[in-house]
Ligand SMILES: Nc1nc2c(ncn2[C@@H]2O[C@H](COP(=O)(O)OP(=O)(O)OP(=O)(O)O)[C@@H](O)[C@H]2O)c(=O)[nH]1
Ligand SMILES: [Zn+2]
């Protein structure tokens with residue numbers, strides 16, 4: 001079975017490409033679409049013209065089924081029409097981003113599928129952290145997606161060439177690195193090759209690194225349009241409004257989900273999700289997303305220590321464990337440190353906070 005050209009053109013705006021093949025059991029009545037949101041008991045798909053809610057076929061709900069075989073964000077699926085329509089077939093994936101599920105050590109959790117490139121954003125400011133970069137790389141390298149390192153805030157860095165050279169030195173040779181000013185359309189044009197028709201990219205990186213700014217510059221719209229709403233979700237940390245799939249003027253699309261943005265590997269995140277979830281919950285209430293719980297104003301951890309809500313011994317053992325994990329520093333970080341790049345990583349927190357919150 002073949003899809004009509006107009007259907008293919010429509011689907012290209014949600015990332016459909018030649019890499020997607022229809023299985024033999026595809027029928028003419030099937031409606032092809034892409035999964036853009038996964039809910040607890042349903043999915044939202046986009047067919048290139050509109051988005052709508054669908055349900056998975058019963059076989060996807062069987063408990064014996066490996067969760068990896070269930071439809072996931074990014075999947076191209078064939079729907080059986082109905083009210084609501086039903087996902088009958090998940091088309092073969094050409095890339096699979098997954099991570100260890102929090103708490104359950106040996107479970108894999110799908111983050112997204114059929115992603116062509118992962119733009120890993122890291123700021124050339126206080127955000128610069130080679131260790132985090134290495135963890136992102138580890139996660140992406142087994143996925144089938146291309147990893148593209150995007151160093152943002154290049155306009156704010158004086159010694160760019162030296163820094164770039166050192167970054168390139170420690171990265172595997174197949175990793176592309178671009179330094180950009182996320183606010184400048186001419187500067188981010190170097191990323192267009194990853195964003196053409198039929199291509200899907202995701203943008204990951206820590207809060208404040210410039211994900212929204214880059215997205216808006218690519219879209220050619222004012223920051224206002226997506227940033228007007230400062231959403232305080234329960235974690236009180238994220239300022240980005242939820243949009244799952246963004247069709248870009250370059251022809252391709254961005255998948256942008258909270259789960260994607262928070263792409264995390266193992267390490268202290270697991271620690272926080274598990275036995276120290278209470279401490280993590282406290283830290284989420286700190287005024288600043290990257291609070292070090294030392295002298296920052298509005299620190300919920302220190303407040304809890306002072307009020308007795310948090311046991312100082314528990315806090316101490318958490319810190320000890322966290323430090324141990326951090327001590328397993330990657331060779332990448334060690335190498336960069338030797339080159340004196342630690343200076344960049346340790347740049348005054350104050351500067352970062354100013355950049356992030358000063359103008360708001
Ligand atoms: N000078 C300069 N500023 C930038 C650049 N990229 C981002 N910024 C600024 O950094 C701040 C944070 O950028 P955002 O785009 O909101 O960061 P984000 O990654 O979307 O943050 P979250 O929504 O919290 O995840 C804003 O004030 C931007 O204007 C850059 O390349 N150069
Ligand atoms: Zn704090």
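Note that Cβ sites are derived from N, Cα and C of the backbone, with glycine treated the same way.
According to TrEMBL, the protein carries these features:
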{"type": "BINDING", "residues": "152, 153, 154, 155, 205, 206, 207, 208, 209, 210, 211, 212, 213", "note": "GTP binding site"}
{"type": "BINDING", "residues": "286, 291, 293, 299", "note": "Zn(2+) binding site"}
{"type": "COILED", "residues": "315-342", "note": "coiled coil"}
{"type": "DOMAIN", "residues": "107-263", "note": "domain 'CP-type G'"}
{"type": "DOMAIN", "residues": "113-261", "note": "domain 'EngC GTPase'"}
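Where TrEMBL records a feature, it is marked here on the structure.
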{"residue": "154", "record": "GTP binding site", "Cβ contacts under 8 Å, 6 or more apart": "124, 160, 179, 180, 181, 187"}
{"residue": "209", "record": "GTP binding site", "Cβ contacts under 8 Å, 6 or more apart": "121, 122, 123, 127, 152"}
{"residue": "286", "record": "Zn(2+) binding site", "Cβ contacts under 8 Å, 6 or more apart": "293, 296, 298, 299, 300, 301"}
{"residue": "291", "record": "Zn(2+) binding site", "Cβ contacts under 8 Å, 6 or more apart": "283, 298, 299, 301"}
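In the vicinity of ligand 2, defined as a Cβ distance under 6 Å, the following of the binding-site residues 154, 286, 299 are placed: 286, 299.
For the binding-site residues shown (152, 207, 213), fewest C-beta neighbours within 10 angstroms: 207. Not one of the binding-site residues listed as 286, 291, 293, 299 brings a Cβ under 6 Å of any atom of ligand 1.
Taking the binding-site residues 211, 293 in turn, the residue surrounded by the fewest other Cβ atoms inside 10 Å of its Cβ turns out to be 293.
Those same-chain residues not listed among 286, 291, 293, 299 yet with C-beta within 8 angstroms of the centroid of the Zn(2+) site C-beta atoms are 283, 287, 288, 292, 294, 296, 298, 300, 301, 302.
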